[in-house]
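One structure below.
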Amino acid sequence: MALDVKSRAKLYEKLDFLGEGQFATVYKARDKTTNTIVAIKKIKVGHRTEAKDGINRTALREIKLLQELSHPNIIGLLDAFGHKSNISLLCFMETDLEVIIKDTSLVLTPANIKAYILMSLQGLEYMHNHWILHRDLKPNNLLLDENGVLKLADFGLAKAFGSPNRVYTHQVVTRWYRAPELLFGARMYGVGVDMWAVGSILAELLLRVPFLAGDSDLDQLTGIFEALGTPTEETWPGMSNLPDYVSFKLFPGTPLEHIFSAAGDDLLELLKGLFTFNPCTRTTASQALKMRYFSIRPGPTPGPQLPRPNSSTEALKEKENLLIGIKRKRDSIEQGTLKKKLVF
């Protein structure tokens, strides 16, 4: 007999607060029946003007995509249920790439990095072949299961593409991973926005810190151009026609081999393709997977042999998240919006 919503919610023990966005809060939890670790994404139901039949459109889109997409490197939806003013989506998870990158006790070998990027591109190629943009790729949206398999997650901003005249919002992708065309306000774009984000994630894996971490769109563009050089109409046709375009000083940029001194020629070729300013000629997922970088030694590390987060690092992250959770509760009390009991 199928369990009712309240009984399904009680199957999971909440362990840790992982993060919060504009539309959702994510928790780490344990399935009491199987003892497996899951991620629970609680999507807030919006106002009537933002909802359809009481369900937030973002939630509907994410549930629909997770049900339609089936690939080893895309997160699977275990369950979805509504309770009070939230919709909960459940997915398997052990950790995410951000935890791995920040754990300085771990050594990321060239083979490890190749494995992470290979799995990211395989999942992305599948999405793009099915005419779906992710639009929010970043390390903590790349989950890793207990077998070391990387899975693209968080499809709250994912969108179908393909219509040549379709207009989208440019306020997508976390700023540090946002492509220049988005920073210049482009309303029509394609797979290039995801590919730039992959380049930024690859750079972060190599450097162990975010490659370009601007605190505003203008600051982000300045950092990009200082590092990679300022594009021109010759290198990026149509750039000056973008809605929020502003002219920049002509920075010469720094050769990528000086920024990523340990990278070989094949890896530098991939980075250059991902960091191409003209989105029309930026390397696609399918093109990237055919590059020599993935066919030469070392081969990608098998999933079970990839590094696992240090328990002390996980504990530190849990402590940080606990402090964030306390601040959220304090803010809620001050605003008079704290619920008596937090439920799934």
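Every residue number used here counts from 1 along the chain in the order it is shown.
Just so it is clear, glycine is given a Cβ too, placed from its N, Cα and C backbone atoms.
Here is what Swiss-Prot records for this protein:
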- Asp136: active site, proton acceptor (ACT_SITE)
- Leu18, Gly19, Glu20, Gly21, Gln22, Phe23, Ala24, Thr25, Val26, Lys41: ATP binding site (BINDING)
- 12-294: domain 'Protein kinase' (DOMAIN)
- Ser163: phosphoserine (MOD_RES)
- Thr169: phosphothreonine (MOD_RES)
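Same-chain residues at least 6 positions away in sequence with a Cβ under 8 Å from that of Ala24 (ATP binding site) are, in sequence order, Lys41, Lys42, Ile43, Lys44, Thr58, Gly156.
Residue density at Leu18 (ATP binding site): 21 other Cβ atoms are found within 10 A of its Cβ, drawing on all protein chains shown. Most other Cβ atoms within 10 A: among the recorded positions Glu20, Asp136, that distinction falls to Asp136. In the shown protein chains, 22 other C-beta atoms lie within 10 A of the C-beta of Val26 (ATP binding site). Taking only the Cα positions, the spacing between Leu18 (ATP binding site) and Asp136 (active site, proton acceptor) is 17 angstrom. Mean pLDDT of the predicted structure over the domain 'Protein kinase' (12-294): 89.
Taking CA atoms as the reference points, Val26 (ATP binding site) and Asp136 (active site, proton acceptor) are 15 Å apart. In this structure the alpha carbons, written CA, of the residue listed as 'active site, proton acceptor' and Glu20 (ATP binding site) are 14 Å apart.
Look at Asp136 (active site, proton acceptor): DSSP puts it in coil.
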